[in-house]
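Encoded as structure tokens, here's the structure I'll be asking about.
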């Protein structure tokens, strides 16, 4: 079956599912494969559970005209999403970056939703499966979309932009993350830059931090809408305070707008200024931009502030890499609070340089004059012995149950797989 013919079926049955346990009546099941499962095996169950069609790529599971046999289910899903995107033709902002892409996406959504009927990436649907599923949720009622694109290997962003065809692009920043997959920091830059490569070819526009030398070096020949600290940026702003929440101001036509946010850390200034730049570009009134940013509250353990009976917590346990770890520690060091404790877990997927990069964090900790330091994980156990690290999160939790902290301001940060968010319940 051609993509055009499949699209005709989709138009009449516009719900997509990849889970045979969740089959709304009239939906189309795509039998995706994973390392430990084969969706083809569940095509019959999906049809019996309410799906009107099942798209498969193994002829052994063909059970009649309601099963649609293709060469590759994933590629078909991606091609269908791309065709749907072309048919609707609405403006799309594509966003990627080492740190801050999810926060920036949500800030953009908050601002743009004040004017447009907007679709944006939900949760972590930012990969080769999540992106096409998001695009297929677009309807004729939508006026714009913000699509987040993640990457852990060279070529990942190119694959996604070829599906999305964004009109506008944002790379929040580039840092040392997923080095196991990228091979080097240069590999990170090249891969993230695949978004710029497409925008350049398609004569689109990018929103870019004016002072970011890495990004500017790969943005030649692209029309820029800039944000940053200098008055020459399209969206210019400065940190006012961080105690603990970020307060910042931004300028428009000589008028200063001050915004009190619900976000921790001066490092979020770039994220909010990106949202200001996008809002201004799409002619959203300044007061509406400021209100939307002020109302936004981070979720999913991304720089969340939590006050318990015993302590005040900054929970930043969704992800961690050397870049985000450094700015989180720098911000915590400058906060005018005492006493301070840090609880850090390993940064994952850093490849052969992992021990070296964890050792850099340990050196930063030594200079931070923290009152309590708790480290856990394989790599911190190797390089942070002077802080009596724990091999596992569970061992650290057990110790903190025996000797609980009280009256501390605590930063909790580590890779999501370390499970540090569970500490919030015992602190």
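In case you wondered, yes, glycine gets a Cβ from its N, Cα and C as well.
TrEMBL lists these features:
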BINDING   97, 98, 99, 100, 101, 102, 103  ATP binding site
DOMAIN    16-84  domain 'Mur ligase N-terminal catalytic'
DOMAIN    95-278  domain 'Mur ligase central'
DOMAIN    302-415  domain 'Mur ligase C-terminal'
Can you list, in sequence order, the residues of the same chain other than 97, 98, 99, 100, 101, 102, 103 whose CB lies within 8 Å of the CB centroid of the ATP site?
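Counting only non-site residues, the set is 104, 172, 173, 271.
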Just to confirm: which same-chain residues, 6+ apart in sequence, have a Cβ under 8 Å from the Cβ of residue 103 (ATP binding site)?
263, 268, 271, 298, 302, 303
What are the DSSP helix, strand and coil residue counts for the domain 'Mur ligase C-terminal' (302-415)?
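Breakdown, helix to coil: 50 helix, 26 strand, 38 coil.
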Sort out the sequence-distant neighbours of residue 100 (ATP binding site) for me: same chain, 6+ apart, CB within less than 8 Å of its CB, listed by position.
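172, 173, 267, 268, 270, 271 - these are the non-local Cβ neighbours of residue 100 (ATP binding site), listed in sequence order.
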